[in-house]
Amino acid sequence: MRLGQAHGVGHAGGGVADAPGAGPPPGSNADARQHPWPDSRKPGSGQHSWQGAAPSDAVDTLLESDMAHAFTEGSNADMTSTDTQKNTVYYIAKQCSQPCSPEEFAILLARHFVHTYPKVSKAKVWVEQAPWKRATLGGQLHKHGFSMSGSEVRTCAVSATAEGRTTVTAGAQGLRLLKTTQSGYEGFLHDRFTLLPDTRERIMASCVTASWRYTAPAAYDAAFAAARGALLEAFLGPPACGVYSPSVQHTLFQMGRLLLERVPQADSVFLNMPNLHFLPCSPVTAKFEDDVYVATSEPHGSIEATVTRGEVQPHCKL
Ligand SMILES: O=c1[nH]c(=O)c2[nH]c(=O)[nH]c2[nH]1
């Protein structure tokens, strides 16, 4: 049952040394997707660099609980209110003496809810980290100044159950990628509804939404960097020569495959890739020579798929 959703902002750092629920969950070895919390991976152990970290995150929480009576009887007994949920986000943030990844923050928060409230059987937490970067002035990193450009958001979704099962997915939204050549689309079915000509030369552009599931705890910041790097590398190809893409579909598969190769703790990668169009443009007195394109907001297709390791079940949104 979906009880409610609270929004909170800002874990200005992260890393909780002694937050309630920070200890290892009971029975945490029973399933490969559970996340035991070995002592060496406790946040606050000083292994995270604060450089480049984000000064504000958006947090959503959702509790599944034994609260049917609230809906059917109008009784709010034992209900963890959304106000409490919101304040708990701030409380956990306040505990953070050291920076930590969004995933670690979300794990602490989700486990806090299921450990604290007996009626709550599952807690889900989503974190969106805006692309704040520490400002550089005169080649020097600013001590406490940040700037933000672009719209790419780092995301994570964590669910924790009262039985001690934790699921972690991470991802990115609004990852804008474009290459000016080495892309084509040909050999597809043509019938009377088809206007698109075959081409071996076009711009390929997308605004990628990606999410991948972890099967084991990871160094989440490093894993995120590796995952993001893999997505870029497979989309763009080597810097000097690129790689030819016969379709968004094929590129998507290469991106998912490389991510699984580079992030051994991930077993399932969901990718949504709108095929953003740039149309060839012939100026009045000159012919088109793969040079001038017009960015359009025309309707476009969106390709999506989940690439998994072996026969594992693809993940879906938590
Ligand atoms: O790479 C592409 N995949 C498609 O499915 C598609 N459909 C379309 O009109 N253009 C493209 N391009």
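The first residue you see is number 1, and the count goes up from there.
Placement of Cβ uses the backbone N, Cα and C atoms for every residue, glycine included.
Bear in mind that TrEMBL entries carry predicted annotations, made automatically and left uncurated.
Here's what TrEMBL has on this protein:
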- 1-55: region 'Disordered' (REGION)
- 32-42: compositional bias 'Basic and acidic residues' (COMPBIAS)
- THR82, ASP83, ARG202, VAL248, GLN249, ASN275: 5-hydroxyisourate binding site (BINDING)
- THR82, ASP83, ARG202, VAL248, GLN249, ASN275: urate binding site (BINDING)
- THR82, ASN275: O2 binding site (BINDING)
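Distribution of TrEMBL features across the structure.
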residue : record                         : Cβ neighbours (10 Å)
THR82   : 5-hydroxyisourate binding site : 16
ASP83   : 5-hydroxyisourate binding site : 10
ARG202  : 5-hydroxyisourate binding site : 21
VAL248  : 5-hydroxyisourate binding site : 23
GLN249  : 5-hydroxyisourate binding site : 15
ASN275  : 5-hydroxyisourate binding site : 16
Q.
With the Cβ atom as the reference point and anything under 6 Å counting, tell me which of the binding-site residues (THR82, ASP83, ARG202, VAL248) are near ligand 1.
A. VAL248
Q. Per DSSP, to which secondary structure element type does VAL248 (5-hydroxyisourate binding site) belong, with helix, strand and coil as the options?
A. helix
Q: Look up ASN275 (5-hydroxyisourate binding site) in the DSSP assignment and reduce it to helix, strand or coil.
A: coil
